[in-house]
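**Q** Questions regarding the structure given below will be posed in turn.
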Amino acid sequence: MLLFSSSSLQLREIFFPRIFSVFVKLNFLNSRGFSSDSAKALAAGISKAIKEGNFNLLDSSVYGSNLQRNETNLVLLSLESEPNSALKYFRWAEISGKDPSFYTIAHVLIRNGMFDVADKVFDEMITNRGKDFNVLGSIRDRSLDADVCKFLMECCCRYGMVDKALEIFVYSTQLGVVIPQDSVYRMLNSLIGSDRVDLIADHFDKLCRGGIEPSGVSAHGFVLDALFCKGEVTKALDFHRLVMERGFRVGIVSCNKVLKGLSVDQIEVASRLLSLVLDCGPAPNVVTFCTLINGFCKRGEMDRAFDLFKVMEQRGIEPDLIAYSTLIDGYFKAGMLGMGHKLFSQALHKGVKLDVVVFSSTIDVYVKSGDLATASVVYKRMLCQGISPNVVTYTILIKGLCQDGRIYEAFGMYGQILKRGMEPSIVTYSSLIDGFCKCGNLRSGFALYEDMIKMGYPPDVVIYGVLVDGLSKQGLMLHAMRFSVKMLGQSIRLNVVVFNSLIDGWCRLNRFDEALKVFRLMGIYGIKPDVATFTTVMRVSIMEGRLEEALFLFFRMFKMGLEPDALAYCTLIDAFCKHMKPTIGLQLFDLMQRNKISADIAVCNVVIHLLFKCHRIEDASKFFNNLIEGKMEPDIVTYNTMICGYCSLRRLDEAERIFELLKVTPFGPNTVTLTILIHVLCKNNDMDGAIRMFSIMAEKGSKPNAVTYGCLMDWFSKSVDIEGSFKLFEEMQEKGISPSIVSYSIIIDGLCKRGRVDEATNIFHQAIDAKLLPDVVAYAILIRGYCKVGRLVEAALLYEHMLRNGVKPDDLLQRALSEYNPPKWLMSKGVWVHDKPMPD
């Protein structure tokens, strides 16, 4: 590569020999160039000399004194078809001090596709002349070329010569040359990167006329977007204010585009820009406000959204359909149905023509909240407005009616769809089929399924899932399993919902082994269980007494990346509570709090019970007080748990204090509350107090239950007044309260303690006749009664009967049998002495 110097005469003599025979003194027609013939002759001569490579420096007294700068550029242009010759001539002219135009040689090279060479020549110019050289040169020698201008701008930007790049752009636009958008954007980026936003503001009007709108992003929008992306918010806002104060025209459309981008994740910056627009222009329109209203609604900041809505109205801008629908939808999604409906009514009152989408979404909100009455009102208003429902509207109403159990009304809506020539969607069918299945009408559900197939609608996994769930809830598990296999035959992939339905169905039938088989199938089919799956399987393990397995499943959820919900925690906590392992239950509750899972009042009630089981009275009291002072209101179960807990630990004064608090609640004491207190009074032999409490129950309208009567009967049975127990037993039956096996056991126990074993046996038979299954307590009472009076054979027979019915003896019964030591041959399994018939 050559590095040029205009003072290097030695180089000139080496590279350019005399060529007097080639060139003659030329007569120019005028100052702008050669005649056509002379130009061609000069170009041909130079081309020949350069190709032969045998010329020295042109004679300075002849050529140098007559060939001016503009003439040099004309020679370059005449060599356009021979770019290599033109390049060598350009270099000679540069060395000769002719100051050839770089624009001209760039024009020649680019026209011939020699972009890399042009880049190198520009680099040479920078090396020799520095960044201050005249890039355009004698540009007036030829009309501007957009490609060359683009090239020069990009070269200048590459070297940080952003002011020269802008100069080229401005000059070209003044002459009507349109620079490609991408080049203008790159120049703007370079100006912004060089912190020369002031130059953009100075020439903003030229940039706006530079052809980058309306097909592209405006200069204003581009600059703001770039500055905001760099985090230079203040500079962006200052730029906007500057161009507005200088009187440049900025369209509100440009501002709206910037606001839309900012409202996604920079809502506060968008708010500042809007404030500036309101302060210095341009005049906002309804889209401007709707953009930010939508941004606030998506963030749930409804107060700010509504404030902006009011500002829009105050500035005389009438909200349109988009404004109202955006704000209404925001209120509904935030659960503020009242405000949403108020705005909905306001829009109708002001004559805003709400469309079917707004009406349908409004109906959908009320359907989802269970307020079908209001949904119907909105539907009627829609019809009054002359707006025809579409399939989506009808489907939403069908779903709501099905959820409300009004399946035949829903089917009527389905008829409306067909009558109006509309095509039901797959969601329409799934909603109706689900409605039929949930009301137990599987036949109609499957009939609709068949109709759907006949009409050419292929059922999806949702439809199949609904039908499988319907079969499972009806206990038709073999049909449910076969239908699931049919899904696989249709190449429909089973999902977790289908498996959950099957597992739940087997659990309802107490077929836990089958439920676990389905659970294992999920792994075979590559279906990942969800929290609901694990919770159901945990219940299976708990019901079979396998708490460790349930705990393993619980922690397996964490290993699989699942977050157990409140129901999963509650299921396990309650299980450990019932199995007298309160410490583990409390540890699980602590884990629940650490994982920030919100506990409902049911979980809190279990925790209170656990605390009392662990004798942590102060903690239970503190927990209860926190509930009262916090957002979660204790329910009747909470109060009853507290009263029962204090009573179990003989803290009757505290129990009475909670009882007094309960009296002033909106719900007050119930039957369970009074039964707890009656039980405590009976245990403390305060029969007068227990009878008085029983009377209060009748006065307050609380109906005693079998447990209430059982407490009183137990006290009478253990005292000398066994007849009192009989009277209460008869009274309970007269009032239509069915005695439980516990009630019968109390009477049997009282009779056995008095040696009235035959009467006790009759009562035992009455319990069986009443379809009650005697538990180990009932059997143990009567067996011990037989043993006490020496009727060991009958005791053995009853024991054998107990085993045949699947009731396992407890430790208390085993000790009683050991004490009376009946003959082993009587107690051996399989021996049956038929001296007295026993009930089957």
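A Cβ is built for glycine as well, from the same backbone N, Cα and C atoms used for every other residue.
Straight from Swiss-Prot, here's the annotation block:
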type	residues	note
REPEAT	98-128	repeat 'PPR 1'
REPEAT	145-179	repeat 'PPR 2'
REPEAT	216-250	repeat 'PPR 4'
REPEAT	285-319	repeat 'PPR 6'
REPEAT	320-354	repeat 'PPR 7'
REPEAT	390-424	repeat 'PPR 9'
REPEAT	460-494	repeat 'PPR 11'
REPEAT	495-529	repeat 'PPR 12'
REPEAT	530-564	repeat 'PPR 13'
REPEAT	565-599	repeat 'PPR 14'
REPEAT	670-704	repeat 'PPR 17'
REPEAT	705-739	repeat 'PPR 18'
**Q** Six or more residues beyond either end and a Cβ under 8 Å away: which residues meet both conditions relative to the repeat 'PPR 6' (285-319)?
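**A** For the repeat 'PPR 6' (285-319), the nonlocal Cβ contacts are 252, 255-256, 259-260, 263-264, 267, 270-271, 274, 277-278, 326-327, 329-331, 333-334, 336, 339, 347, 352.
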**Q** Report the mean pLDDT of the predicted model across the repeat 'PPR 9' (390-424), rounded to a whole number.
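**A** Per the prediction, mean pLDDT sits at 91 for the repeat 'PPR 9' (390-424).
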**Q** Counting by DSSP secondary structure, give me helix, strand and coil numbers for the repeat 'PPR 12' (495-529).
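**A** Across the repeat 'PPR 12' (495-529), DSSP assigns the residues as follows: 26 helix, 0 strand, 9 coil.
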**Q** For the repeat 'PPR 6' (285-319), how many residues does DSSP put in helix, in strand and in coil?
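**A** DSSP classes over the repeat 'PPR 6' (285-319) add up to 26 helix, 0 strand, 9 coil.
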**Q** When the repeat 'PPR 11' (460-494) is classified with DSSP, how many of its residues are helical, how many are strand and how many are coil?
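**A** Output for the repeat 'PPR 11' (460-494) reads 26 helix, 0 strand, 9 coil.
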